[in-house]
């Protein structure tokens, strides 16, 4: 067994052409633009208008911790990924801890995809029942199962190159979604007349958690930096990605809140008028994301299992492992079908750890100069305190909401 402090990365010495600035920005935006955008209006309705300040604060904190990850990599050229950073900072245990948190987050996002499919398909076909042999399954559960059966073959692809062709369809989904929502408000008669609340203190923990979920791209940031032609420009990439993402999130949050007020569902598509063409386009666009990204999401989990000593990495074993993962996510989605609450749990417990807490802890461990008293240390301690508060209060609130609705 190799020394736990030795990075398991190859260094061929060959020059890496890498990706340019604009392509890296696109990849970063694609990383940050996920299903969380559907819950932005709901998050704003939970906290009230003043919670827009929280959106800006969380965006700035997550941008700063992204910079900390870059600084961790600057002095260690062999670092290629987030798990490498964990290993440099805390040895093998640090690598394992970060990997477990990342894989658990990916797993629950896959569950969220299935819940999203069930919710939106039920809105399109409210009275449809699915028959399997002698069993009749209706509503969300039936659509969750049907969606999983359609998605399953895409998970058997072991090549990330092949999966890239599957995932390309999800790139334009957020833009089309925003256009449809604006159309519903302006043309289809819903209007923008709701005033909402100034602040709702009871909903602030949920708002915190959902906002944090939307900025959980840190697991990918080190990989994006590694792929760049000019790695010194990565801080600009982060700035562009966070500014554009925050403008997008803020726009859809404000638009949805003035359209539906405090009656917002956990996904804004569920509030749109059922029989309008714009609603159907929005929902069909929303449904693209799970079908195009589910396999990409679970592939790192499957690869981690397949590459252990317990398995021989054969095609049959790979299919069995991936099918088992899909079946398990179906069961979780059926028994805990609460999109907003599950997302809040991911945001509070996992996203806060990966996005706010661990970058600070790894940076302090790797960079001894950062432990000296000064402005930087005060900022990092502030982030750790805020992150810990969100983690404890947000996790408690989301778990309580899930239990109360079981």
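Start at 1 and count along the chain as shown; that gives each residue its number.
The backbone N, Cα and C atoms fix where each Cβ goes, glycine too.
A TrEMBL annotation is a machine prediction, not a hand-curated record.
The domain 'Amino acid transporter transmembrane' annotation in TrEMBL covers 18-395.
Same-chain residues lying 6+ beyond the ends of the transmembrane segment (48-69) with a Cβ under 8 Å from its Cβ atoms: 82, 85, 196-200, 203-204, 207-208, 211-212, 215, 217-218, 221-222, 225, 235, 238-239, 242, 245-246, 249-250, 253-254, 257, 355-356, 359-360, 362-363, 379-380, 383, 386-387. Under the heading transmembrane segment, TrEMBL lists 48-69 (among others).
Here TrEMBL flags 96-116 (among others) as transmembrane segment.
The annotation transmembrane segment is assigned in TrEMBL to 128-151 (among others).
Here TrEMBL flags 163-184 (among others) as transmembrane segment.
Sequence-remote contacts of a segment are chain residues at least 6 beyond its ends whose Cβ falls under 8 Å from one of its Cβ atoms, and for the transmembrane segment (204-225) they are 24, 27-28, 31-32, 34, 36-37, 39-40, 42-44, 46-47, 51, 54-55, 58-59, 62, 65-66, 69-70, 73, 79-82, 84-85, 102, 105, 231, 234, 237-238, 241-242, 245, 249, 340, 343-348, 350-352, 354-356, 359, 390, 393-398, 401. Positions annotated as transmembrane segment by TrEMBL: 204-225 (among others).
Within its own chain, the transmembrane segment (237-261) is flanked in space by residues 21, 24-25, 28-29, 31-33, 36-37, 40-45, 49, 52, 55-56, 59-60, 62-63, 66-67, 70, 174, 177-178, 181-182, 184-185, 190-196, 211, 214-215, 217, 221, 224-225, 228, 268, 271, which lie at least six positions past its ends and keep a Cβ under 8 Å from the stretch. Summarising the annotation, TrEMBL assigns transmembrane segment to 237-261 (among others).
For the transmembrane segment (281-305), same-chain residues at least 6 beyond its ends with a Cβ under 8 Å from one of its own Cβ atoms are 34-35, 38, 99, 102-103, 106-107, 109-110, 113-114, 116-117, 120-121, 123-124, 147, 150-151, 154-155, 157-158, 160, 163, 166-170, 173, 176-177, 180-181, 184, 267, 269, 272, 311, 318, 321-322, 325-326, 329. The transmembrane segment annotation in TrEMBL covers 281-305 (among others).
The transmembrane segment feature in TrEMBL is assigned to 317-336 (among others).
Listed by sequence, the residues of this chain that lie at least six past the ends of the transmembrane segment (342-364) yet keep a Cβ under 8 A from its Cβ atoms are 35-36, 39, 61-62, 65-66, 68-69, 71-72, 82, 85-86, 88-90, 94, 98, 101-102, 104-105, 108-109, 111-112, 115, 205-206, 208-216, 218-219, 266, 336, 370-371, 380, 383-384, 386-388, 390-391, 393-395, 397-399, 401-402. Annotation source TrEMBL lists transmembrane segment at 342-364 (among others).
Per TrEMBL, the feature transmembrane segment maps to 376-396 (among others).
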